[in-house]
Amino acid sequence: MEDGFSSYSSLYDTSSLLQFCNDDSASAASSMEVTDRIASLEQRVQMQEDEIQLLKSALADVVRRLNLSEEQQAMGSRRGPTKARPMIATLPLRPTVNNGTILPKKGGGTLPSPSGSGSRKDTSTSANKSLSSLSRSTRILYRPLSTVRRANSNEHVGTLTRKDSGDSKGNRTRAGSTGSNSSGKKSDSKQRDPVFNAEEGYVKMYLKGRPITMYMPKDQVDSYCLEARAELPSNKLKLDWVYGYRGRDCRSNLYLLPTGETVYFIASVVVLFNVDEQLQRHYTGHTDDIKCLAVHPDKITIATGQVAGTSSDGKLAPHVRVWDSVSLNTLHVLGTGFFDRALVCLAFSKSNGGNTLCVVDDSNDHVLSVWDWQREDRLAEVKCSNESVFAADFHPTDSNIVVTCGKSHLYFWNLEKGMLVKKQGLFEKQEKPKFVLCVTFAENGDAITGDSSGNILVWGKGTNRISHVIQGAHEGSIFALCMLRNGTLVSGGKDRRLISWDNSYQQIQTVEVPELFGPIRTIAEGRGETVLIGTTKNFVLQGSLDGEFMSITQGHTDELWGLAVHPWKPQFLTCGYDRQVCLWDSSSHQLIWAKNMEDAAQSAGFHPSGSVVAIGTQTGRWLVLDTDSKDLVTVHTDGNEQLSVMRYGPDGNFLAIGSHDNYIYIYAVAENGRKYSRVGKCSGHSSFITHLDWSVDSQYLVSNSGDYEILYWIPSVCKQVVSVDMTRDIEWFTYTCTLGFQVFGLWPDGSDGTDINAVCRSNDKNLLVTGDDFGKVHLFSYPCSQFRAPSHVYGGHSSHVTNVTFLYDDGYLVSTGGKDMSVMQWRIV
């Protein structure tokens, strides 16, 4: 062991690190811009973090081997001599199934020369030079000797470089704002070629320069060829249902079409929902978050605007799409390359047949532009405001007048000879509100605004002066105004009250929406006497002004990670950071029940009986709920970090809990999931647990971690299994691990190892689905054990896809979006 430790001691030589720290060439160059300096420092920090991660992994491996040595010696002393060779004697001769670090064979205190483990792409020459000695020392630890013994048994496959590989999520969450379905960070590592070692029967791939050794079943070794091409699956996906609505931070995005469909959006999908027939259609032309929607006077043509974003292929420009709501065909695309950041307001003109479209973007100047949308021609543009703009609309009888409102302003714009001329609304004796939040028009052409002071102000037609005031119409902000066909004005706001007013602005009646649904964000006229309401808690409600409102659509209100499917019913459960646990019926597309929790939820898993479901939180607490009554069965706490995986064994006798504290907690389960006793914890990972799977016989467990380890366990005794021969032929009940021989083909070229958040194998073992950081769902054939396996790719999510899973009968699969808070159900066709 002394020789082994001497090889590690070289990693702690501080001379190269001091040289690196003293190298201030980046900061000393007076000509270098501040941004360049920051970029250089970021690159250095990233490289240091990588080296530290390698050191941690190496140290963890030493500790594991020490423990194993002690255990083997203790067992040998108890049992006495045997004919079989002790396992400890075989450890230096061949790699174990610990894929974090592989110690080389000890031979006279010398190490074999390294073959390299994926050199990082040169992003800072001086930084690379100063760290080169440390990098070489560290990389020696990651090369199995079997490739030296039989070089002619290795097959290499060339690697293509992907432009953008996403950013690293150290805690498997994303801090980016909603509206970016990927990050702009590019991989710092040059991808190494995968290697097939026929003698040992493994494939080794590299993620961010880290080697990952994956042993294949013995019966596949002789026939396996790394260069063989995988086939596309014969099945495809069709978007069947979208759960959720974006009302929390969007306005004027709910309308009723003559077809009887309610139109709204979430993520990058526009939903056309026929409530009576319980059918959805979907417009999926957008590539990122949709932020605004407008309906043409013909009630058929629709315009929607999206945010800017990036994808694996590059940047996505914000733009407006005009499309036909009957055929769902895109008619025109406006403003690509003109708009900045996002589109926040859209409106068609009314008086000239809807020939013009006004648009406000989310740039610093919040540019207002007017378009002849059929010719895709911009007629005029002007800086609208330095402050936020919340609404924009054409005057109903004059297509040359546009009204905009927002923080500290109300502007009346007149389109004259290609110019937009502004008149500011004069509040005069009326106290100026902090925010003017919404605008609509009376039948006589008066403009009507609602503001953050709870007042409704009426502005005389053709003027910029107040003609009438409804002081204190609401307690708090007025978020929405809607003028009904019969001349009744309806207002709604933060106080959850829906108030109707007659044409002389006298109050008719008031309806209060239950607190469960949240404040009213937008109002739309429905069929007959009905009214549609969108709320800030992402509900869509339907009802009348003199009756109760019922929910027709609802969803989560914060980042969404937890997803579990019922083992034998068409049901699935979702949970997220909004502290909501929701059980859904995938056949009726209805919510069965919802339950509030004290902590933000991270993960979930059903007991094989289906009678209970376990929920893991971000605080280390986990609880078990009865799936029929949603009653609490039990509560436990393990550690104080998030619990990323909750997975019952197939026989229902054990529960494995993967935590961010690097441990896997094992519980014995009795009484059909209602009694739990802790067995212990599996210790060995050097990073947080990301995925877990059980063997068919419930005897073994496989786990992945944040630093790309694949470890195997006997959960009943919480012991790690290091023998390749014991683990390579295990049949796994589920396959949700992102690392392993059967699934390594799903990783794209240039990936940094965090691009893929979730994996699920179908129950018939023919398909594999993944969710990635670019908002895409990929469908592969299973097994997926050929490099660069092809897949069918599907959009819809506008944020990282946090989870995917097949339903019990493989007829559908469900995916969850992180920041977009959406749940999407896909039919397998």
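Placement of Cβ uses the backbone N, Cα and C atoms for every residue, glycine included.
Annotations in TrEMBL come from automatic prediction, not curation.
Looking up the ranges 31-58, 311-338, 423-450, 507-534 in TrEMBL, the one annotated as coiled coil turns out to be 31-58.
Taken as a whole, the domain 'EML-like second beta-propeller' (560-828) shows an average pLDDT of 97 in this prediction. Break the repeat 'WD' (794-829) down by DSSP state and the numbers are 0 helix, 19 strand, 17 coil.
With DSSP classes pooled into helix, strand and coil, the tally for the repeat 'WD' (553-594) is 0 helix, 24 strand, 18 coil.
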